[in-house]
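What follows is a set of notes on a single structure, which appears directly below.
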């Protein structure tokens, strides 16, 4: 409870008037150094709000008298970095792709720069370790749809795959054999069993024998007579154990029925030539480059 102080010894400061179980609190003034510190912070805050950007407005904020901007600082740092690396980046652009590996300094720069570009733009689909995911190719192995040499990788990164924003994008389109009525369900089952056979999986031998003819008539034009695929049209090898969407019976049936149509952006619309070359060198050096 709060009561009016009634007792005060000579020389003692007054109390606050609060008494809790007989315990009272002196009403001592704050130390002078604390008050002056408080006043200084007020002056500093006023000065800061005048000199630096501080107060939000409807369409922006106050700029401050000295015009300081952390964004401008970052932009200056970026420009300074670009200027410092301008020579080697120009060298990277001017050097033949196949000759970059012969220059240790250039190769190291391209690999490091490419890793940064990859982490910023490519990991969303291909994964942070470049091992890919369902529908997104693994870049660590030597199974390439469009070619794994440095020039082929550069072309793929530059123009992309099946996009509508680059006339030179790599393009191929698998027919929807089931959805468009090109094959009936029995024929699809037969050709699926044949694909399982040539890929070394458990299969129905009788259905596979029928599927061989269907494969030759409908699939061999792209995947080859032996099913090993064709890089000219981005047709995958069906005889190995590497599958972009899955190699089990149900998934292969779905692929034959509805087809697949993966798309990759053309990075020449977003990255510089030096960046594209850097990431091509990086991907080529991951282990599966040819």
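All positions are counted from 1 along the displayed chain.
Glycine is no exception: its Cβ is also placed from the backbone N, Cα and C atoms.
Annotated by Swiss-Prot as transmembrane segment, the relevant range among 17-37, 38-58 is 38-58. Annotation note: residue 264 (heme c 1 binding site) sits in a strand segment as assigned by DSSP. For the pair residue 174 (heme c 2 binding site) and residue 125 (heme c 1 binding site), the C-alpha distance works out to 21 angstrom.
For the heme c 2 site, whose binding residues are given in the record as 174, 219, 222, 223, the maximum C-alpha distance rounds to 10 Å.
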